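Listed features, source Swiss-Prot:
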BINDING   8, 9, 10, 11, 12, 13  FAD binding site
């Protein structure tokens with residue numbers, strides 16, 4: 001029986017373990033939390049949900065609803081557990097955190113081919129097939145060893161994400177480019193517009209992190225949010241110098257390096273609550289009807305330069321026995337982490353059986369996420385699923401009808417992928 005190691009019993013690690021246990025591998029699952037918890041851990045069960053109890057929408061018209069459906073078709077343990085521990089009947093999958101974690105822990109322990117090793121994993125053995133599925137707050141000792149494996153410049157320790165908005169929601173009669181260079185768009189604010197925007201920004205509510213002193217930690221490492229910058233009004237004004245003489249300040253939008261339909265609001269990394277981001281940033285002229293596809297976040301995180309380090313099978317290019325899963329590859333969100341664990345496990349199994357490693361078609365939600373991660377540049381920030389990542393059908397739009405088309409197409413493609421991996 002072939003031995004596989006999985007480092008981390010979080011969402012991605014447990015999803016990967018479940019798939020490989022079913023395949024008959026002997027799985028060594030390393031998890032240190034029972035002997036040494038990090039600041040956001042409280043229980044000994046696997047898959048502890050620290051930041052939220054929600055797996056977001058179940059509506060198939062949403063990208064994340066479709067992503068969950070794709071995972072169900074692929075027999076996801078985590079989604080099965082979330083359904084079991086669900087505490088509401090609405091279009092949102094909210095779970096009882098304890099029951100959710102208990103279900104996964106107890107289910108995995110029924111496998112005789114699972115060995116749970118409750119200790120810190122320090123030395124990465126390159127001779128043993130391994131999935132590295134560490135979470136956002138990993139032990140310093142393990143990170144030191146990881147840096148030796150991938151070089152420290154390829155590992156980022158903080159997440160400072162600017163909001164990403166849909167191009168079609170930008171009013172091009174107000175926002176403008178210079179010399180027809182659509183890589184950058186500009187939004188001018190006069191003094192009255194600035195004052196209204198500024199007052200809304202400084203009074204907006206921020207996210208309360210479960211990690212104590214997280215903002216202080218970020219600022220200590222020179223990562224400052226837009227709301228923190230706004231504490232000094234004049235410094236804030238100087239930060240957004242006007243391009244036109246008639247403007248008081250100018251805010252810049254930058255086109256995404258992979259998806260032409262997405263723009264980020266430059267230097268707007270933020271810790272504002274999501275509903276507050278929509279309310280405040282829609283006060284920027286030209287963004288009155290903005291659709292935010294990825295909200296800004298700032299938190300402690302560990303993620304690697306996926307495009308540079310990993311191949312199509314999320315396998316380390318420099319050592320074929322090492323695979324990665326979870327937030328460390330640059331996915332953002334519970335459901336996204338689950339799918340990364342499953343894809344890593346599928347491809348590790350295929351690699352060990354001398355089969356071609358494959359990911360789903362780029363117009364499935366799973367495939368679209370991987371297509372983005374494996375193409376984006378080294379300056380990317382973690383991505384969560386959204387419909388802008390799939391190919392357009394007759395011009396990109398977000399009507400209910402188009403979402404339905406995208407969802408049906410994605411589910412059909414995952415069914416085709418399921419047939420491929422089972423042959």
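Glycine too: its Cβ is placed from the backbone N, Cα and C atoms.
Sorting the binding-site residues 9, 11 by the number of other Cβ atoms within 10 Å puts 11 first. Compute the center of the Cβ atoms of 8, 9, 10, 11, 12, 13, which mark the site for FAD; besides them, the chain residues with Cβ within 8 Å of that center are 6, 14, 15, 16, 46, 47, 133, 134, 135, 325, 326, 337, 341.
Proximity of residue 13 (FAD binding site) to non-local residues of its own chain (separation of 6 or more, Cβ distance below 8 Å) is seen for 6, 7, 29, 31, 46, 131, 133, 325, 326, 341, given in sequence order. In this view, residue 10 (FAD binding site) is surrounded by 26 other Cβ atoms within 10 Å of its Cβ, with every protein chain counted. Non-local contacts of residue 8 (FAD binding site) by the CB criterion (under 8 A, 6+ apart in sequence, same chain) comprise 30, 31, 132, 133, 134, 135, 138, 326.
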